Structures are given as C-alpha cells and as structure tokens.
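Enquirer: Sharing a structure below in structure tokens format, with a few things to ask.
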C-alpha cells in the first residue's frame, strides 16, 4: 500500500509539473507579446521549441497546429482582400457611398463611418483607415477654403476678418479630429462584423473547434454574421452620436443643413465627384474581382445557413464535415490566379503574337501585401490551446474557477469584457484573444455555462482598442494624420469602451441566446478529462 501511495504521489506530482510547465510557457509568451521584445510572430513560434523540450507535446503534434482549417479560411479571405485593394475596387465603393450620403458635417461623418466599417468587414482595418483619411482631409479642406473665400468677399474690416478666420480654423481643426477618430473607430468596429474581418474572430472559431471538437460547427460565417452584424450597427450608431456630441454638438440646423445648400457643400461634393471620375470606367479586372468577392460571400452564407440545409450539406457533408468555410475561401481565391486581368481577344493568324496578360492576382503581389505574421500568430494560439488541454492546465484552471458559479453569468461577462478591453489597449488584439480564450473556455466548463456566452463577447471586446494611439494600427494612422493629442483619443475612447461592452452584452443576452441557444449548457462542452 505504501508503494501504491508513493506511485500515486509521484503521478500527481508529475502531472502538476506538466501543468506548471505549460503555465510557464503561456506566461512567458504573454510577457513577450506585451513588451514586444521580439517580433510577435517569433513569440508565437515558442511552443514549437518549448513544448517538445519540456515533454508537454511531441513536435509533430505541435507543428500541425500552425496549419489548421481556420488558418486556411483567414488566408483565403486575405487573398480576396488583397485583390480588392490591388485593383482599387475599395476606393470606388467608398467614393460612391460618399456621393450618395452628401457633405453636411454630420452626414459626412456617418457616411465616412459606414463606408469604413463596410470596407473593414472584408479588407484590413489599417488599409481602410489609410484610404479614407486622405479623402476626408481633402473634403474638409475644400469646405474650409470655400468658407474662407465667402467670408473674405462679405467682410472688409480686417479685425472682423481675423476673428472669423480664427473661429473657422478652430472649427475645422475640431472637425478634422472628429472625422479622423470616426474613421479609425469605424474600422475597428466594422472588423467585428464578419468572421474574417479581424484576426480575433478567426481565433475564436479556431479555439472553439480545438477545445470543443464535437461542437458541430456552431461558429461559421453565417452564424457569426447573424450575431455580430446587428451588434456592429448598434455600436456604430452609438459611436457616431458620441463623436457628434464631442466634436460637432447637436446644432441640427448647422450639422444636417435642414435642406439648405451652401457653396462650400457644392464644392466639397465636387471634390468627391472629381476623385470618382479619376477612376474612370470599371475595368474588366475590377468587374471580375467584384464577381468573385460577391460569389465568395454568397457561398459563405449559404454553405450552412442553419435554418435550412446548405449547399455543402446537400452535396458533400452528408456524414462528415468535408467542406468548410476554409474550403470555399481557398477555392474562390485560387480563381484569382487563373483569370486574366484583361479581356481575352481573338486574333487572326496574321496578327503579331499577343502579349501574355497577367492574372488578377500574382504571387509577387501576394508576397508583398500578405501579413504572414498573422498566420503564425493564429497557429501559436492554437498550439497554446492544445498544449493547455494535453497538459491538464485547462482542467486545473477550470477547477480553480468553480467558486465563480455563485456570480450571475451576465456579471461575469461584463467584468471579463471590461478586463479584455483594458488589456487590449496595451497589447495586440490577437495576443489578447489568444491568451484569454483558453482560460475563458475552462471557466465556462467549470461553472457549467455555455462557452460562447463569455468567449464571444470577450472576442469582440478585444477589438475595442479606442483609447491609445498604440492600441491598434488604425488609431496610429489617425493620430499621425488628424492633428490629434493623446488626450483627445483617450477622452473619446474611454466612453466608447463602455459603450462597446454594454452593446456586446445586450447582444449576447438577446439575439445571441436565440442564435446559439446560450441558455443551456451544451453536451459538447462537457469535456472533463484526466490529463
């Protein structure tokens, strides 16, 4: 019996040591990600080195985590986004929307926010911000110049003219700050609406599939969009109201115009129209990219819509999930390398040989614009999650968090969202999501609540980086472009962080419950295992 007790003690000690080793790797990576002492992607590769050396997982098992289905989904979505940017289709869409909205200050702000948010659903948040800010600056500059000319014609007294000039400069400086913040905030908010809109969303899907393999594909493009898009619209509207209050006030006659038309409005409208005319007619390449992009979105929505069998279920997935959103993304993006960028024309045998036309997308363009580090960051997150499961760290964390079941779930969700929103101001949203989601999954299984009830809100909260210029690249672009001070961004972003957390938790407790059946603890989440 003594021998058996020693063996049991040794087994338990060895198990505890394995959990501690995995915890050490996670803490080390968290510190490296926060301090950025080495590149984020290099930190994401540490599990490949440390897990095999510490006896947590074999090297083959670690390395395979870096090329999972979620990576292919994100890679395919990025390829289509690169094609949209390469052929300037996003600029055409943006200018067309602005022509429809108008140039009154409030309408202009909401127009820029809607356009930026829509583009950020499909292309990178940074690219959307970098494209929209010069357009906003040009329009505001034209409004300011036209108003200055009108004042100069109507006023002869130098003293009066100087006073008007100071008020005008102050007004447009404030308006430029508000417009710059509205663009960068809309980029972050828009990225939360689609599964491929920003990296944390893909991490959520990958972690759910990794930690709960029997979940039945609960997160796909359609279900994610069904929950996140209404939340994005609500968050965008509230953000616009707050920025309107901060930088424009609520003078509806001045902000909305109330039917009046000024020379400045016509001139600013002409600036946008001239920019649109410079693009010329839509080329064959733009048309092809638009068709592929539209088909991709339609195929994502109809693959497994939920309320009816999707085309993938009818044709391929009768007994297993053979075709996923990643399959669709790779299929449609591969067409970009096959279709020529110019319309092929027939020629007679007497004509000179035609020049070979490049495809819609070439590997040189992809190599230049693809953020390869993001794919490694995704893989590092999946490796951490798998290592936590294999080592027993997830189970240990879950058992340690059991006392939290005495707290109402909605309170837990709000507190965790605030914690993630605060943490993401100092760390990348990718690193934040990667670190928090496995812990949140362990907590959910320990206190018997639906994992998505806390994982989904915290994933979106990781994109609420509104307070600091260094919090996210769109903020940094806007800060350098809009004559902003740190305090300007901090004051606007502090309130928006709370607004975002509130809207997310309203969403998860209303239509989120209906979409994902969050009021029950699913059988697939009961994954209690011995290490």
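One-based numbering along the chain as shown.
Glycine is treated like the rest: Cβ placed from N, Cα and C.
TrEMBL entries are annotated by machine, without manual review.
Small disclaimer: the values here were computed from a predicted structure and weren't measured.
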Enquirer: With the ranges 352-369, 370-387 to choose from, which does TrEMBL describe as transmembrane segment?
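Expert: The range carrying the transmembrane segment annotation in TrEMBL is 370-387.
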Enquirer: When TrEMBL marks a stretch as transmembrane segment, which of 390-406, 407-423 is it?
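Expert: TrEMBL lists transmembrane segment for residues 407-423.
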Enquirer: Which range, 218-243, 244-269, does TrEMBL list as transmembrane segment?
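Expert: When 218-243, 244-269 are checked in TrEMBL, transmembrane segment belongs to 218-243.
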Enquirer: Can you say which of 24-51, 72-89, 435-456 has the most Cβ pairs under 8 Å with the transmembrane segment (494-516)?
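Expert: Against the transmembrane segment (494-516), the leading stretch is 435-456.
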Enquirer: So, do the transmembrane segment (322-339) and the transmembrane segment (370-387) meet, by the test of 3 or more Cβ pairs under 8 Å (sequence gap 6 or more)?
Expert: no
Enquirer: Which listed stretch (24-51, 72-89, 95-123, 407-423, 462-482) has the most C-beta pairs under 8 A with the transmembrane segment (435-456)?
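Expert: Against the transmembrane segment (435-456), the leading stretch is 407-423.
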